[in-house]
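What follows is a single structure, written as structure tokens, with notes after it.
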Amino acid sequence: MPLFKLPAEEKQIDDAMRNFAEKVFASEVKDEGGRQEISPFDVDEICPISHHEMQAHIFHLETLSTSTEARRKKRFQGRKTVNLSIPLSETSSTKLSHIDEYISSSPTYQTVPDFQRVQITGDYASGVTVEDFEIVCKGLYRALCIREKYMQKSFQRFPKTPSKYLRNIDGEAWVANESFYPVFTPPVKKGEDPFRTDNLPENLGYHLKMKDGVVYVYPNEAAVSKDEPKPLPYPNLDTFLDDMNFLLALIAQGPVKTYTHRRLKFLSSKFQVHQMLNEMDELKELKNNPHRDFYNCRKVDTHIHAAACMNQKHLLRFIKKSYQIDADRVVYSTKEKNLTLKELFAKLKMHPYDLTVDSLDVHAGRQTFQRFDKFNDKYNPVGASELRDLYLKTDNYINGEYFATIIKEVGADLVEAKYQHAEPRLSIYGRSPDEWSKLSSWFVCNRIHCPNMTWMIQVPRIYDVFRSKNFLPHFGKMLENIFMPVFEATINPQADPELSVFLKHITGFDSVDDESKHSGHMFSSKSPKPQEWTLEKNPSYTYYAYYMYANIMVLNSLRKERGMNTFLFRPHCGEAGALTHLMTAFMIADDISHGLNLKKSPVLQYLFFLAQIPIAMSPLSNNSLFLEYAKNPFLDFLQKGLMISLSTDDPMQFHFTKEPLMEEYAIAAQVFKLSTCDMCEVARNSVLQCGISHEEKVKFLGDNYLEEGPAGNDIRRTNVAQIRMAYRYETWCYELNLIAEGLKSTE
């Protein structure tokens, strides 16, 4: 039996909890834009007034306590120095390995040089009472269990180390289970056609039906009439809402905020001491590592949009080149007539020869700060939507030929650079069901394949725009247009071979739009079902995210059953808006892009650290839109040990050079004074985060890259010092073990 289980009645969140969660949501949404900017404190705990109030509160609890001798003994035991155990190598699949007392001895690794460790003695739970510490540990434990559950159901990633600790807390044996891992398409072999269709699986003829926003799979028509779907893991909305309300309450609890804030401050300070003591030893490791430096270790642009994957000079050069070659070619169609390229520019009253990067006006500047609407206008070269349709769209008069050529040129630059990869996003809007067919036809017909690129699908959250123009009757139709064609291609791949081949190259789904737009709607059991959402108002971020996740979960189970590649859910999150966005992502997203607002919530930031959720940060993009570069939390997150990578977002708007990813690294290195080891660690994180295949990750990171800590690092390929990897792993285990120690005291 597990050592610690929540009682059955606690699992069902009562009305009081739900009401509390609604109050928390309301307080997060109210004055969202201004409150945090006006406050001089990143988190409330830094405020000296609240600090003194907390100390007085703790003293009051201590003086009023009339506990028995047993309680005083338990309190004393909780306040003495605790020697924490850290799992090292896996000596057994059923038991966590331990070391001698943490303070008197240090862990040793065969491949890690000796280095100086930071040792903390004294009260590990200082600042909170023992009772509060137990409450905190219970809450963090359950939060990690919630994430683990949603990741495993959808074949997304959850690290081994916290999973081991969770099983240890439960009193259960941890067993490695690779069946929960995502499946990516292997790399194309030399001489193999990446668009071959002769190896597609056979059609199954299953029936599909969307019910309450989720696609259900039925073996035959009779099963549809009886409502007996195939036994796939379908989502449970009530359970999701209960879990969401629990997390809403958790991130608002005072003791949890105090404890997590103190732990994060400790992590930051500990890293700075580690750097001061071991920076030269890390550098010595890297200097002794032959044929590997920052330039030739693999790095992936984990967040980039295909429509802006080129820099402004590249786009300008291509426009001029196309005019030289295709001036008399019919390239554009209006209601009146078809236009040649020459006639189109004449209609716009301009000549390509006269264009400059300034007149092209696609670069974000001071005018776009806090103005996402103006930023979207930058996608129109020279402010002309006709040029955007011609050069940056897949569905136009020339079938997206120019856009395909630009992407191929960007891919050729990546191949030439050799050690850089990218994950461009292509858009599916959900306006009509034939979008998938058109996009896959564009992809296959133009033979868009690059060994240094993997692809993702982004879904803009613009239902309100389509509904106001009467393109869609309800939100359920948008979900149907997004997911039904993918399910059909999974069940009957030979019916649409182009889409089936295209899906092999897709690794995940992204949810994109301006997060600072508030919907004011809290997702609850009272929310309309997707087919009932006929309002012109946009659903909330959580509403979008849940139904995307729910369909991806069912889709992944079906594709895994068929031996096909699966998809990850990797949304934009935390760039702006309410903290509920990040809370939702913690539950159901494999990884996120941006994550700036984590600095406003110590609880969520600490949970992201414990679960090692990857975050693709884009400081140059944020600098033009939401946050000045010097205030970016990138360095703070890196020091604390969050799993962050660098990405470009939109090179056309934010970068100047031919290698925008290197530009991103170079500026971060200069502004934040990053060491070579820091940059290589971020690069290694990007490869772990991305959707390239297992075979390629083995080649880029080493045979044991799935192992966590120094055992999974091959310095010959990653150029990350083993000292750094050992420090990260031991610090991570220390924090996880604190939770385990806190729960032991409840027995």
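Including glycine, each Cβ sits where the backbone N, Cα and C put it.
Matching His351, His572, His581, His694 to the Zn(2+) binding residues that Swiss-Prot gives (His303, His305, Asp649) identifies His572. When the binding-site residues His303, His572, Asp650 are compared by Cα distance to Tyr216 (phosphotyrosine), the shortest distance belongs to His572. Checking each of the binding-site residues His305, His572, Asp649, Met652 against Ser441 (phosphoserine) by C-alpha distance, the shortest gap belongs to His305. Highlighted in sequence order, Ile304, Arg425, Asp510, Val512, Ser593, His594, Ala616, Ser618, Ser621, Ser647, Asp650 have their Cβ within 8 Å of the centre of the Cβ atoms of His303, His305, His572, Asp649, the residues recorded for Zn(2+), and are not part of that set. Checked against His305 (Zn(2+) binding site), the recorded positions His594, Asp650, Met652 differ in C-alpha distance, with Asp650 being the nearest. Ranking the recorded positions His303, His305, His572, His594 by how many other Cβ atoms lie within 10 angstroms of each Cβ puts His305 at the bottom.
Counting Cβ atoms from all protein chains shown, Asp649 (Zn(2+) binding site) has 28 others lying within 10 Å of its own Cβ. Around the Cβ of Ser441 (phosphoserine), 19 further Cβ atoms fall within 10 Å across all displayed protein chains. The shortest Cα-Cα distance between Asp650 (substrate binding site) and any of the recorded positions His303, His572, His594 is the one to His303.
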